[in-house]
Amino acid sequence: MTELRIGPSDPAPDSADGTRSAAAPHALVKLPRAAAPAHQTGAHKIVAPPSAKPQPVGTPAPARPAHRHDLDGLRGIAIALVVAFHVWAGRVSGGVDVFLVLSGFFFTGAVVRAAERSGGVALRATIARTGRRLMPSLVVVLVAIAVATVALRPYTQFGTTAEQTIATLFYTQNWYLATAELDYLSPDPSVSPLQHLWSMSVQGQFYLLILAVIGAWAAARRKGVIGRRGLVIALVAIGAASFWYAVFGTGQHQAWTYYDSAARGWELLVGAALAIAAPWLRVPKRLRGLLAVVGLLMVLTCGPLFDGANQFPGVAALWPVGAAALVIVSGVTATDTSVHRVLGSRVCTRLGELAYPLYLWHWPLLIFFLAQSGRTHAGLVDGLAVIAISLVLAALTHRYVEQPLRARRAGEAAPAHHRSTGVIVSALAGAVMAAAISWQLVVLTNPATPPGDLSTQHYPGAAALTPGAEFPDEPMRPSVFEAHVDTPAATSDGCITPNREVRVCTYGDPNATRSIALVGGSHSEHWLPALERLGVERGVRIVSYLKEGCPLTLSDEPSYAEYPFPECREWSEEVLDRLAAERPDWVFTLSTRYRSSGDGDEVPPEYLAAWTALEERGLHVLAMRDTPRLRRDGVFYRADDCLAQRGTPDSCGVDRKVVLDPVDPAHQPAAGYPNVWLLDLSDSICRPQQCRVTEGNVMIYRDEHHLTATYARTLAAELGRQIGAVTRWW
């Protein structure tokens, strides 16, 4: 089988399709000019090379299009938007979606043209070329991230960084992040210096898919069965299915769908279909100008108009995808309008040339800056500094890593200094992989385990906050390595569901006649160790109805949620129906939530609606004030990370007034609900002026806002006192 080539001189450009790459990787084709033009418009030529093989019906002769400098510039505009919105707005610009379309367009076009010339797809050679052109810059950045993590971040983050490094190298980072979005035990993926590499994984998986599809198409084409039109129809059908899945998934669980390759596929397939259909497109000059203007304006306005992080890749993603498609179509016949000239300017095209390394560098630099400064966003001067350093590193990477490995023409021996670059990059790749795997082996062979029951004499926990309490100084438990696995039994039992299913589990005294239903999300769940101990000691059956990230709600779009969550509403409705049928004595749920717009806590209106629904069903409610969350200047931080960086229980704590109102904000609204009784254990977690991260030798938080099971068990006595005062059970 003939090796896949872009043109007879093989200019060895940047990306997987033999073209210049863009962000993560976002490719743009660059082909040599042909000597015998078949059609010419302005300065751009459309060349149809001679073909020795008859073309099937409906298949135009393969053409090598003139280089689209306007799409170089579009890539430059897109990366500028990506960087600016990340640095200053902390939101998605739509630039990555533009890159996905461009990548699908150029990769598919190059592979189809090569298949038409050679009669097949050289799979092994194509994959090798992809790795050779994309991996060197990636490896350099991964090494820099690994070094910076060891030097600047707490050792509690080494394991996560190692896992994501391996996932990135094997092009599965998007699935790692999707899983992390559903796993409440995982650190927040949005603060990972490797988070942005999910798009590379999506595109890498797409490349394999499109190679398989075109390989099958080429085999059928050799038999005269199917031409380009048939391939376009097949890709459109696959793309339509992907779009439907994306729309459905965005409405059900957007956080997962955002990283899902199947939901992102339609964006690349739009570009793929345009690449194959391009020979049939003839666009008049006036329409070319209009399409280009509209497309560019849509690209520029996507970020301000849409909250992409919470709306993509659903219907809203039609905006950036459509914008890229309009610009592509506007230049298929010729690129002779003012918009095309602007996009083809030296500034835009040079930025597009640096797009891939700039994309790789800007995000980790931003994340490390924010982590070290303790801020949520960069200011004007700081942001400019981050961008300037990113540009310098991108230019150096392009000059000294990318170009030496791409300058060689096919069949030529590489110069000695080029070979040296390859050897160095290969050594770095081996080193970063070895380091990541070694750390994972250490973790796997020395797994963290929760401490279990501890002596209350040496580890009083919450009891240490009672007046006159005395206890010896002992090593903190759980330790910073144990804290993240010190979870309630519902987690290990699979009794807190990540999906629509309602799972019911029983704890405490299973034979007791008195019952409490524990209902809600993980902030209800982390009270289970205290309730379970109370149930065993006092003869109470604890029945759990738990779903991750889902306080009891009747709204598809709760005011406190970052994205629509109709699955939570559906789950809540079924739970309410079951509670009405089961008739527990009490329903234990939350009464407050942290105030996202400022200090303190509040009662979301959705909680009041849930109380009303419970009242209508004749159910009594024990409403617990939510646990204080660790945050400074609006930035959440993990207790284990802080302590691992030589923090102390005091320095890692937070002022009480920052996380809690002086008076429980649920008091006033609860007065209007005769079925609701309030519980508040804030004084068993916080001191009068401060909420520390350990009390009585016991670590309070396993992350930034969940209680460790060990500390929760020490709350059983005070919880029992408050429940007894309400229920009169003891």
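The backbone N, Cα and C atoms fix where each Cβ goes, glycine too.
The compositional bias 'Pro residues' annotation in TrEMBL covers 51-63.
A mean pLDDT of 92 is what the model gives for the domain 'Acyltransferase 3' (69-397). Per TrEMBL, the feature domain 'Acyltransferase 3' maps to 69-397.
TrEMBL lists 501-719 with the feature domain 'SGNH'.
The region 'Disordered' feature in TrEMBL is assigned to 1-24 (among others).
According to TrEMBL, the region 'Disordered' annotation covers 39-67 (among others).
Annotated transmembrane segment per TrEMBL: 73-89 (among others), in sequence order.
What TrEMBL lists as transmembrane segment is 95-114 (among others).
Taken from TrEMBL, the feature transmembrane segment applies to 134-152 (among others).
Packing against the transmembrane segment (197-219) from elsewhere in the chain are residues 16, 23-25, 96, 99-100, 103-104, 107-108, 111-112, 115-116, 119-121, 123, 126-127, 130, 134, 138, 164, 167-168, 171-175, 177, 226, 230-231, 234-235, 238, 259, 261, 264-265, 268, 272, 360: each is 6 or more residues past its ends and has a CB under 8 Å from a CB in it. The transmembrane segment feature in TrEMBL is assigned to 197-219 (among others).
If you look up TrEMBL, you'll see 231-251 (among others) marked as transmembrane segment.
Taken from TrEMBL, the feature transmembrane segment applies to 263-281 (among others).
What TrEMBL records for 288-306 (among others) is transmembrane segment.
Per TrEMBL, the feature transmembrane segment maps to 312-333 (among others).
What TrEMBL records for 354-371 (among others) is transmembrane segment. Same-chain neighbours of the transmembrane segment (354-371): 14-15, 21-26, 75-76, 78-79, 82-83, 86-87, 99, 134, 137-138, 141, 144-145, 148, 152-153, 191-197, 377-378, 382, 386-387, 389-391, 393-395, 397-398, 401-402, 635, counting only residues six or more beyond its ends whose CB sits under 8 Å from a CB of the stretch.
With a threshold of 8 Å between CB atoms, the same-chain residues lying at least 6 positions outside the transmembrane segment (383-401) that come near it are 83-84, 87-88, 136-137, 140-141, 353-354, 357-358, 360-362, 365-366, 369, 421, 425. For 383-401 (among others), the entry in TrEMBL reads transmembrane segment.
What TrEMBL lists as transmembrane segment is 422-442 (among others).
Between the transmembrane segment (288-306) and the transmembrane segment (73-89), the number of CB pairs under 8 angstroms, six or more residues apart, is three or more, so the stretches are in contact.
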